[in-house]
Amino acid sequence: MKREQVLAIRREVRKRGLNFTYVEDEAVDFISCQIEELLTQGHSFESAFQEAFQQAAEEGMFNLKTKLITPKSIYTMDMLSNYLKVAFRNFSKYKANSAINLLGLVLSLTASIIIGLYLKYEYSFDKEFPELDRLYRVNSISNLSQNTSYLNAVSGMLVPVIDSEIPEVELASDLAIIISNQPLKTNGSVFFDYRLSGVSEDFIEMFNLKEVKGSLKAPFQTLNGIAISESQALKIFGEEDPIGQSFSIEQNQKVYSFLVQAVFQDIPANTHFMDDKWNGFDMLVSMETARSIPSNQPSWTSINSPAYVRLAPGASEETVNAKMNELVVKHHGKEIWYEHYLQPVSDIHLNTREDGISSVGNVQQLKLFGLIGVIILVIACINYVNLTTAQASVRLKEVGVRKVIGARRRQFVMQFLVEAALMSLMGLLISAVLVSVLIPLLNGNFGLHLSLDLSSDWQNLAGFVGLMLLVSLLCGTYPGWYLSRLRANVLLRSSSSVKSAGGIFRKILVVLQYATSITLIVATLIIGHQMNFLSKKDLGFEKEQVVYLKMGWQAGYKYGELLFNEVSTESGVLAASLTSNTLGDGSLSGNGISVGEAEVEKREMHQVLAVDNGYLAALGLELKEGRWFSEDFASDRKEGFVVNEAFVKHFNLENPIGTKLARNSQNGTIIGVVKDFHFKSMHTAIEPLVMFEDDRDRYWNIALRISPENMGNTLERLETAWAGVVPDFPFTYEFLDDQIDQYYKSDRDFALVFQVFAGLAIVVSCLGLIGLVAFTTRRRAKEIGVRKVLGASVGTILQLLSLDYVKLILLAALLAIPVAYYAMSQWLENFEYRVNIHAGVFVLGLLITIVLSWISVSYLSVKAAKSNPVDSLRTE
Amino acid sequence: MITSNELLRGTLRTIVLKLLYEYGRMYGYEITQRVKELSGGEIQLTFGALYPTLHKLEKEGVLTTTSEVVDHRSRKYYELTKVGEATASTKIEEYFAFIGNMDKIMSAQSKIA
C-alpha cells in the first residue's frame, strides 16, 4: 500500500474516534491488513476501504472507546504518579530553588488570602437582610447652606405619610434616637452607653431582628414596653431573666420608666448599624412610646432621624423619590429646603453609587488593596516561572529523554502543572496556618472581624481551591509550554551548547517584578513623608497638654458652670474654658451668618464654636487683630464675635474689627481676629469660623490646659472634683492630641498596610533574584574560571555579575517612576495640606532596591567570584 | 460466527496464549487470521474483542510488545514473557482438564436422557 493510502486509513480511524495513541496504531494496522487482503482478491483500494471500515464498524471496533475507559484512567493515574514522583525528586534535588519558590509563594499567598478575607468582609456588609434588593434608606439633600449637603436623616413626619400614601412602600420605619447615654437605673445600679431608639413594627421585619426572649411584638402594643439587645440585657441584668424587669431613665429632670418585654439578638458587626455610633441601636421602643417623650415632637423643618423603607416588588426607585418629594411639599404646605432620595441599604457601607452621603467603607481603597493582592501574587508566580525555566536548563536532559520516548506536548504541560499544583498546595497549607495565626492580631489591632473558616464557609473553601488552581495555572503553564517547544535533538546534543532557557522573557519578568517593588517602595516613602508632615505641622494651636472634660449637654446644662468653677481653680490647671465642640470632633455646628447689614434671607451657613474667656489661653491660639473675649466687657457675651483669618478673607473685610455680624438671632460686632488654626483635619482646607460666647449653661465640654508635671495627680484631682459636683454622670475626659491622632488613624493604617506590602514585594523579588543569580553563577562557572585564569580580579568578576541585574533594576526604575509619581499625586490629593514629591524620593527608593538586591545575592556572587578556577575548568 | 460469544469470551485469553506459545511473535491481525484458519472459519475474532484482551495481558506482564514499521504504518508484535510462558502452559493444561470434566458431565447427562 502507498503512504497516502495508509494516511487515509489513519484519518478515517481517527475520525471515527479511535484517536488515542496505542489503539490508533493497532487499529490502523488491523484495517490495513484487511484492506491488503481485499486488494489481493482484486478489489480496488476504494471498495476495499469501504468494505473494511464497514465490517470493522459492524464488529464494533469503534465502540472500543467506551470499553477502554478503565484502562485509560489507569494509564492516567500511572502518569500522574510518575509526575508526582518526578516532582518530589526535583524538590529534593534542587532544595534551594524549591525553598525560594515555596517561601515566595507562602509570603504572597498569605498576603493575598488576608486581603481576600478583608475584601470579603467589607463586601459582606448589610448583605444578610431579607429582600435586600428592595430595602432602602431615605436620605436627604439639604440646600440650606451654600454647599449642598447630604444627610442620612428625614423628618419624623415623613414615615407615617409615605407609609400610608405611597402604595409602592411596603414597609417603613424611623430609627429615631430618643435617649442615649443618660443615667439608666435599675435595682440601685446605674448604667450608661446605650442608644434607645423609636421604631415602627415594620423595622423588626425589614431587618429581620430575631427574638431571643419574650416577644418582639409586645413593645408595639404596650406603652413604655421596650426591647433590648442581648448584650445590653447581659450588661444590665446579668444572668437574671430580663423579661418583666423594668428600669428608669432620667432626662431633662424627668424620669421615664420602661418595662423589658423582649430581648433581640445583637446586630452583627458587618452592618452599617455598627459602622458608626449614631447609626446603631440597642434598645427599641414603639413610635408611640417615643412620641410620649416631650423633646421628640416631629416637624417638617427638622430632619433628625434615619428612616428605612422596603418597596413592593417591581417598584421603581425614581417614582418613589418623586412621590416622596411631592408629599413633603404637599403636607408642609410650601416649598422646603430639602429633597429626599432612596439609597439601597446594601450600598450604605461602601457607597459604590456615590450617593453623596459619606461612607465608612472606602471602595477606592478596597480596589487598591485588591490590586496589591493580585500584584503580590503575580510577583510570586513570576518568581516561580523564572526559577523553573532557569532551572530547566539543568533539566533539559529530562525533557529531551521524555520527548524521545514519545511524550506529547500536552503531557509536558501536564507535568509542570502537577509540579506547580503540588508547590502551590504546600504553599497554601503553610499560608493557611500563617493566616490563622495572623487573624487574631489583625482583628485586635484594626477592629476587624475576619475569620478563616474553611469547614463551614463554602466561599472560603472555594476561594482556596480557586487560588490554588489559579496559582498552579499561572506557574505551570509557561514552563511546560516553553520546554515542550524545544526540539529533542537540540536538548540532547550537549548541555554546554544549550542557550539559557527563555532569557528575554525571564528578563522582562524580572523587570516587571522590580518595577512593582520600586513603585511600592517609593509609595511607602512618600506616605511616610506625608504622615510625618501631618504630625509635625503647626496646627495654629498647641494640642499637647490639653484635656477635654466631656460633660454632654445634659450634664452641661445642669452642672456646667459649677464644674467649671470647681476645676478651673485646681492646681495643675493652667487655663480653662467652657466650650462646645472639641477640636478633635472633626466637625462643628453650622449657623446662619451674615456680615454688615445683609438681610436675613441672604445668610450663609458657617461653622461656629462656642468658647469662653479662658479659651485663647487654654488652646494657645494666636490673636492677629483686636482682642479676645474678656470679663471686663460685659457686652461680649451678648454681642462679641471673634473670627478667623479665613472668615475675613471670605467676606473681604478690610477693617474686620467693629464690623457688624449676625448669627441666627444674635446681633453683634467682631471684636477680634485669630490666626487660622486647623479646627478640622488636614484633609480639608481651613474654612471660615465664627467664635462666640454662649450662656453658661449651654456648653457641653470644658477645655483645660494642664501642667506637664504630675499629670496623673491632676487627673485624679479632676476626677474627685467631678464626682463632687456631678454625681449622676461618669467622669469622661480625652486628651486633644489623642483625638487629633484619630483623624489620621485610617491614613496611618493605610500607611502601615503599604509598608508591609512593599516589604513583602521586595522580599519576594529579592528571593527571585537569589534564585536567578544562583543559576547564572552555576551556568557561567566556566566563564568565570577562564576569566580568572586570564587574570581577572574578584572585583571585576563581581562587577560583571552585578551588572546583569543592576541594568534590569534601572530599567524597572524607569517604568516605576511615572507610575509611582502619578499614583502618589492622586493619593496626596486627599490632603489639603501635603508634601511635594521630589526627585530625592525616587533616588532613595532606587538605592534601597539596589542595596537590598545586592545584599541578598552578595553571598552567591562573592562565592562564585572567589571560586577556584581549577574546580570549574577541570572537566575540559 | 458459529461458536457462541459466551463460550468464546471465557476462552479468548487461552486462545491468545496458546497461539503465542506455539508461534512466538504475532501481531493482532495475524492472530485473528490464524484463529480463523485453525477453526476452519468457525471462529472469527473481532478487533473489539481481541484488542482489550491483548492490552490487559500486556498490563499484567504476561505479554511484551515490540513495534516495527511495516508499509508506512507501525505494527505491534506480541510475545510471551518468561512469566507469560508459564501462565500459558498452565492455562492450556487447565483447559484440557476442564474440557475433560465438561465432557464427562455432558456425556453422563445424555445417557439419562
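Note: Cβ is positioned from N, Cα and C throughout, glycine not excepted.
Record features (TrEMBL):
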- A:98-326: domain 'MacB-like periplasmic core' (DOMAIN)
- A:99-119: transmembrane segment (TRANSMEM)
- A:368-387: transmembrane segment (TRANSMEM)
- A:371-486: domain 'ABC3 transporter permease C-terminal' (DOMAIN)
- A:416-441: transmembrane segment (TRANSMEM)
- A:461-483: transmembrane segment (TRANSMEM)
- A:504-527: transmembrane segment (TRANSMEM)
- A:517-710: domain 'MacB-like periplasmic core' (DOMAIN)
- A:752-776: transmembrane segment (TRANSMEM)
- A:756-869: domain 'ABC3 transporter permease C-terminal' (DOMAIN)
- A:797-823: transmembrane segment (TRANSMEM)
- A:835-857: transmembrane segment (TRANSMEM)
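Nonlocal intrachain contacts for the transmembrane segment (A:416-441), taken as residues 6+ away from its ends with a CB within less than 8 angstroms of a stretch CB, comprise 80, 83-84, 86-88, 90-91, 98, 101-102, 105-106, 109-110, 113-114, 117, 384, 388, 450-452, 454, 464, 467-469, 471-473, 475-477, 479-480, 483. Highest Cβ pair count under 8 Å relative to the transmembrane segment (A:368-387), across stretches A:99-119, A:461-483, A:504-527, A:752-776, A:835-857: A:99-119.
Highest Cβ pair count under 8 Å relative to the transmembrane segment (A:797-823), across stretches A:99-119, A:504-527, A:752-776, A:835-857: A:504-527. Here the transmembrane segment (A:835-857) has long-range neighbours at 514, 517-518, 521-522, 525-526, 529-530, 533, 762, 765-767, 769-770, 773, 802, 805-806, 809-810, 813, 816-817, 820-821, 824-825, 828, meaning same-chain residues at least 6 beyond its ends whose C-beta is under 8 angstroms from one of its own.
According to DSSP, the secondary structure content of the domain 'ABC3 transporter permease C-terminal' (A:371-486) in residues is 101 helix, 0 strand, 15 coil. A mean pLDDT of 88 is what the model gives for the domain 'MacB-like periplasmic core' (A:98-326). Across the domain 'ABC3 transporter permease C-terminal' (A:756-869), DSSP assigns 97 helix, 0 strand, 17 coil.
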